[in-house]
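Chemist: Here you go, one structure.
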Amino acid sequence: MKRFRTSASAFTLAASTALSVVGATLPAFANDKLVELSQSEENWPMTGKSYKAQNYSKATQINTENVKNLRPAWAFSTGVLHGHEGTPLVIGDRMYVHAAFPNPTFALDLNEPGKILWQHKPKQAPTARAVACCDVVNRGLAYWPGDGKTPSLILKTQLDGHIVALNADTGEEFWKMENSDIKVGSTLTIAPYVIKDTVLVGSSGAELGVRGYVTAYDVKTGAQKWRAYATGPDEDIKLAKDFNMANPHYGQKGLGTNKTWEGDAWKIGGGTNWGWYAFDPDTNLFYYGSGNPAPWNETMRPGDNKWTMTIWGRDIDTGEAKFGYQKTPHDEWDYAGVNVMMLSEQEDKTGKMRKLLTHPDRNGIVYTLDREDGTLVSADKLDDTVNWVKQVDLKTGIPVRDPEFATRMDHKATEICPSAMGYHNQGHDSYDPEKKLFFMGINHICMDWEPFQLPYRAGQFFVGATLWMYPGPKGDRQNYEGLGQIKAYNAISGKYAWEKMEKFSVWGGTLATAGDLVFYGTLDGFIKARNSKTGELLWKYRLPSGVIGHPMTYTHKGTQYVAIYYGVGGWPGVGLVFDLNDPTAGLGAVGAFKNLANYTQMGGGVQVFALNGKNPYDDVNIGEWTGKAN
Amino acid sequence: MSCLPHTALAAALTVTLVAPALAYDGTNCKEPGVCWEPKPGYPEKTKITGSKYDPKHDPKQVQKQGDSIKEMEDRNKKRSENFAKTGKFQYDVSKIGAN
């Protein structure tokens, strides 16, 4: 253990040096403190750890040599079942834990994790559950460091559509606003995201015909700063004057209404954003993807359906879009384009240093764009079995569709890859800037699809398709296993350094560390560590339930910990969670994951690991009752 | 596709005459960002109304989301303005006027 302590203190020293350098060179933003916090390995202050959303830690205490000694340190049950997505936040001595509906929040004391410092348990209308498409999940919390006048805040979303700011010290509600109305099928599962003094809130409900929007609130008062829609008139979509100036062939003005939609269909056109964000202080742009158009029945909404399925770069202060690239024009497969955005700086094939954004999409393509102007740099298949598209033309930006795998009314399409669950879904992946590798949790699921006509009634489901899903060509279609993959990818060369199959989809995402490790959780209830250079499986641990969140790591008092939520659910878990048997139920997921219940049951909690299980209770007297206070 | 309605068949023929592509592959664009085409046998965008695939949207239903958002924005405005004025947050807007 002495060896670990030495490396930890060397690391802490390096981190504090880095901190002072950052403090000296960064422009003076009000959220500098959040940038500073994210530089230290003692904190995990936002989804993705830092604004680059790399899920990458420089900590090396746990590494390929000693990961076999990783053991549970302590655990915490949230008292809630259903899918536990996202990851806890750690700031200083505290861990903030969130959970599925009814979305309680807990603050734990890292010096004595058995102590719940405060808990926030909202009262929500149970009817919110009825309009959640894909389990009652929630992807996480956000943190605002305070400014001396206003206390530091924890920001949370609730399934019933509220965005709430809590005093980070006491858990008391500071303000609470209505963002989404469950009466029209609009819910919230996305994690809030803090940039400067603004908190961003996305939207859910495309399966109920909800027109998507992203909203910015003043983090101190809850006042709405701006709101930008995914479809409709340009002023609603908030396009900058120079929108797509660098790439006019992506399309520019006037495309959100009747040029790419028929009639008023854009008003119920989907395009919700419930994925993840990233931010670049230099461009002042934040990045995210809009979701699928509604309904799933493509014949009912002719047109490109802009700007659903789009990678956006928006100014955080004005909300105006500088660029928008539509990945899947006129979606026919529910490839909701909300997936993770990971930022990096790399040399392109010509040797030019580029500021990049890499995004593994539901449609089976991993896109890399120049994040300053939206120019396409690469668009590679996540797996060679992707068949709806022949290739993405980098010059035109157009996906060249294979009509054989299109969907349409009065026709049952078969063997489409990926399925509606995508070759990649909501998992938040990682990027190792040293190795220039993205570690991606991938799905290997294909489908048959048959649409049907249906009316739109606000508050009711508006899907209009029956799906049958099953393992992809590399899986075992007899036994319904081999539904996932994990791969290491270089965005410039387009090459995969390694690829490994998994029994089930790698749904929750990945964490990379400078200890040459990549961690991830599995639906069948394991946390695993692989050598990030070779993909070799080095360690795993059997958790109480399957995982749909991503691991995180932090160093507390010189010890590096790895934490992960357990609690299976989400879309792959709906059969298990709601006890469904019809293979087409759960939007087709029940059939694909019919074997999951043989490996896991529901749960809900956070499990923390350290080398040899070192933890605050190694001193057995910590947390003991020592008699009455006076 | 054995029993195509007359209109859809006509639309399919028109497509065949105008665009030589056998099927919609996304590469024939009318203008930048506008590349959708009907599949063979399916109606043009403007012809979907009245076709067998007419979604027949009820304008009252389609308007509900817009109305709901406007009402929420109005209530939130009262909440944040009251918070700024009094320094105390009140969620229940019916109690805000009474302050």
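Note that Cβ sites are derived from N, Cα and C of the backbone, with glycine treated the same way.
Straight from TrEMBL, here's the annotation block:
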| type | residues | note |
| --- | --- | --- |
| SIGNAL | A:1-30 | signal peptide |
| DOMAIN | A:44-376 | domain 'Pyrrolo-quinoline quinone repeat' |
| BINDING | A:GLU85, A:ARG139, A:THR189, A:GLY205, A:ALA206, A:THR272 | pyrroloquinoline quinone binding site |
| DISULFID | A:CYS133-A:CYS134 | disulfide bond |
| BINDING | A:GLU207, A:ASN292, A:ASP334 | Ca(2+) binding site |
| ACT_SITE | A:ASP334 | active site, proton acceptor |
| DOMAIN | A:506-562 | domain 'Pyrrolo-quinoline quinone repeat' |
Chemist: Translate the DSSP assignment of A:GLU85 (pyrroloquinoline quinone binding site) into the three-state scheme.
Modeler: coil
Chemist: Looking at the recorded positions A:CYS133, A:CYS134, A:ASN292, A:ASP334, whose Cα is closest in space to that of A:GLY205 (pyrroloquinoline quinone binding site)?
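Modeler: Comparing Cα positions, the candidate nearest A:GLY205 (pyrroloquinoline quinone binding site) turns out to be A:CYS133.
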Chemist: Return one of helix, strand or coil for A:GLY205 (pyrroloquinoline quinone binding site), based on DSSP.
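Modeler: For A:GLY205 (pyrroloquinoline quinone binding site) - judged by DSSP and reduced to three states - the answer is coil.
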Chemist: How big is the gap, in Å, between the Cα of A:THR272 (pyrroloquinoline quinone binding site) and that of A:CYS133 (disulfide bond), rounded to a whole number?
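Modeler: Cα to Cα, A:THR272 (pyrroloquinoline quinone binding site) and A:CYS133 (disulfide bond) are separated by 13 Å.
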Chemist: Let me know the model's mean pLDDT on the domain 'Pyrrolo-quinoline quinone repeat' (A:44-376).
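Modeler: Here the mean pLDDT over the domain 'Pyrrolo-quinoline quinone repeat' (A:44-376) amounts to 98.
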Chemist: For the Ca(2+) site (A:GLU207, A:ASN292, A:ASP334), what does the 8 A shell look like? I mean other same-chain residues with CB within 8 A of the CB centroid.
Modeler: A:CYS133, A:ALA206, A:GLY270, A:GLY291, A:PRO293, A:ALA294, A:TRP296, A:ASP331, A:ALA336, A:ALA420, A:VAL463
Chemist: Could you tell me which of these binding-site residues, A:GLU85, A:GLU207, A:ASP334, has the fewest other Cβ atoms within 10 Å of its Cβ?
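Modeler: Across A:GLU85, A:GLU207, A:ASP334, these binding-site residues, the one with fewest Cβ atoms within 10 Å is A:GLU207.
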Chemist: Is it possible to get the count of other C-beta atoms within 10 angstroms of the C-beta of A:ARG139 (pyrroloquinoline quinone binding site)?
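Modeler: Other Cβ atoms found within 10 Å: 24.
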Chemist: Given the recorded positions A:GLU85, A:CYS134, A:ARG139, A:THR189, A:ALA206, tell me which ones have a C-alpha lying within 10 Å of the C-alpha of A:ASN292 (Ca(2+) binding site).
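Modeler: The recorded positions passing the 10 Å Cα test are A:ALA206.
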Chemist: Would you please pick out, from the binding-site residues A:THR272, A:ASN292, the one with the fewest other Cβ atoms within 10 Å of its Cβ?
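Modeler: Fewest other Cβ atoms within 10 Å, among the binding-site residues A:THR272, A:ASN292, is found for A:ASN292.
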Chemist: Would you mind reading off the Cα separation of A:GLU85 (pyrroloquinoline quinone binding site) from A:CYS133 (disulfide bond), to the nearest angstrom?
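Modeler: It is 15 Å, counting Cα to Cα.
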